[in-house]
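TrEMBL has this to say about the protein:
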TRANSMEM  6-31  transmembrane segment
DOMAIN    20-260  domain 'G-protein coupled receptors family 1 profile'
TRANSMEM  38-66  transmembrane segment
TRANSMEM  72-95  transmembrane segment
TRANSMEM  116-138  transmembrane segment
TRANSMEM  158-177  transmembrane segment
TRANSMEM  209-228  transmembrane segment
TRANSMEM  240-262  transmembrane segment
Amino acid sequence: LALNPWDVVLCISGTIISCENAIVVVVIFYTPAFRAPMFLLIGSLATADLLAGLGLILHFAFVYFIPSEAVSLLTVGLLVTSFTASVCSLLTITIDRYLSLYNALTYYSERTVTRTYIMLILTWGASICYGLLPVMGWNCLEEPSACSIVKPLTKNHLIVLSVSFLAVFAAMLQLYVQICRIVCRHAQQIAVQRHFLASSHYVTTRKGIATLAVILGTFASCWLPFAVYGLLGDSSSPGLYTYATLLPATYNSMLNPVIYAFRNQEIQKVLWAVCCGCFSSALPFRSRSPSDV
């Protein structure tokens with residue numbers, strides 16, 4: 001096959017994604033202090049994005065060096081599983097943030113840990129099921145006219161994935177609106193109790209809203225173009241449009257470690273300790289609310 005520059009760019013993106021998220025996975029896995037629910041959810045997100053990066057690399061390698069329909073189904077199944085798990089993990093993090101504010105008094109309890117494991121099981125169970133569909137026979141290898149913009153996924157399969165993404169995005173938008181309201185109300189109450197100036201309350205509220213806008217804006221700008229095009233396009237659509245919408249979707253997995261992991265002060269401490277050669281699994285950490293992540 002002639003080398004497609006878009007495939008090269010996707011492979012490079014996969015390499016960067018894998019390196020970034022491998023760091024997060026290793027730090028969380030080898031640090032006993034990172035066993036709180038919020039770190040488990042961040043670890044789930046990083047694992048999903050790591051698998052997505054590896055899937056992009058394997059897809060490039062198998063397409064150009066070991067062309068095979070069976071292997072192609074496996075790599076596409078891995079990509080569907082990993083990207084679905086990544087999007088669902090973002091939803092679980094949003095739910096966790098909302099509950100940490102809505103039920104602040106009971107958040108640090110065994111019920112939260114149990115709920116976290118249930119969300120992780122549901123996330124990965126649904127993602128694996130979505131990924132197994134092409135491998136189990138729901139593909140368009142025998143009927144090219146039924147293909148979607150991403151071969152060998154069928155048009156119906158991609159519609160299901162796109163609608164699921166839009167549902168996740170709608171749920172995240174609603175939850176972040178509620179989070180914004182709670183944060184604004186808390187900031188106003190604190191300002192009144194401590195006799196802060198109105199300008200201080202305005203600055204605090206503005207920072208919170210800006211952070212939520214960055215999170216939602218990044219997620220939407222990365223995934224919405226591909227989700228919408230997945231609903232509108234078909235096998236006859238130009239491949240250029242597919243690459244042009246799929247590439248930004250991969251950037252979401254590249255930005256997730258920056259937004260959800262590297263901004264966390266506890267993870268920063270461990271990374272600095274590793275860089276200084278003084279890593280210790282017993283480093284003291286201050287428990288933080290997920291809303292601070």
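Glycine too: its Cβ is placed from the backbone N, Cα and C atoms.
TrEMBL: automatically predicted annotations, no manual curation.
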Using a cut-off of under 8 Å between C-beta atoms, tell me which stretch among 6-31, 38-66, 72-95, 209-228, 240-262 contacts the transmembrane segment (116-138) the most. 72-95
In the same chain, who gets a Cβ under 8 Å from the transmembrane segment (6-31) while lying at least 6 residues past its ends? 39, 42-43, 46-47, 49-50, 52-57, 59-60, 63-64, 240, 243, 246-247, 250-251, 253-254, 256-258, 261-262, 267, 270-271, 274, 281, 283
Any idea what the model's mean pLDDT is for the domain 'G-protein coupled receptors family 1 profile' (20-260)? 87
